[in-house]
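The block underneath contains the structure these notes are about, expressed in structure tokens.
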Amino acid sequence: MGKISSLPTQLFKCCFCDFLKQVKMPITSSSHLFYLALCLLAFTSSATAGPETLCGAELVDALQFVCGDRGFYFNKPTGYGSSSRRAPQTGIVDECCFRSCDLRRLEMYCAPLKPAKSARSVRAQRHTDMPKAQKEVHLKNTSRGSAGNKNYRM
């Protein structure tokens, strides 16, 4: 999966390509220079801007996108850097809503992958699986006890 560019970065690339096409013309007007300055400003503001925070529905959407079918936790599952001392537990909201977080931080809250179910062989199914009707008959016969079909009067 490729790196996702921010909107200002994409805008700069588009502006810069357009400007280079226009520079080939011998006349450079002040509007062209203004256009270039605007593009440079957009690029530098995107370079200095830090990661954004995710809260509420945006946080849930981001987790669903990153984790997919695995699902996710709002608190870190046990075993993620837990020490012997009980530290105050922080969750995804503390890490990504109150502070900014990156993709790796979001991935830490994904549920583990479930192992793929292995296909059982046909031979194993023949010997272990009985049709439902046979199971019911088998259960009826075993529930009579050791007396069989004999009726005892008392």
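Cβ atoms are placed via backbone N, Cα and C, with glycine included.
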Which residue in the list Cys39, Cys55, Cys67, Cys110 does Swiss-Prot annotate as forming a disulfide bond with Cys97?
Cys55
Cys67 has a disulfide partner in Swiss-Prot; which of Cys17, Cys101, Cys110 is it?
Cys110
What does Swiss-Prot give as the disulfide partner of Cys101, choosing from Cys39, Cys96?
Cys96
Where Swiss-Prot places region 'D' among the ranges 24-31, 112-119:
112-119
Mapped DSSP class for Cys67 (disulfide bond), helix or strand or coil:
helix
Here's one to test understanding: among the disulfide-bonded residues Cys67, Cys96, Cys101, Cys110, whose C-alpha is closest in space to the C-alpha of Cys55 (disulfide bond)?
Cys96
Just the number: how many Å between the Cα atoms of Cys96 (disulfide bond) and Cys110 (disulfide bond)?
14
Please average pLDDT over the region 'D' (112-119) for the predicted structure.
74
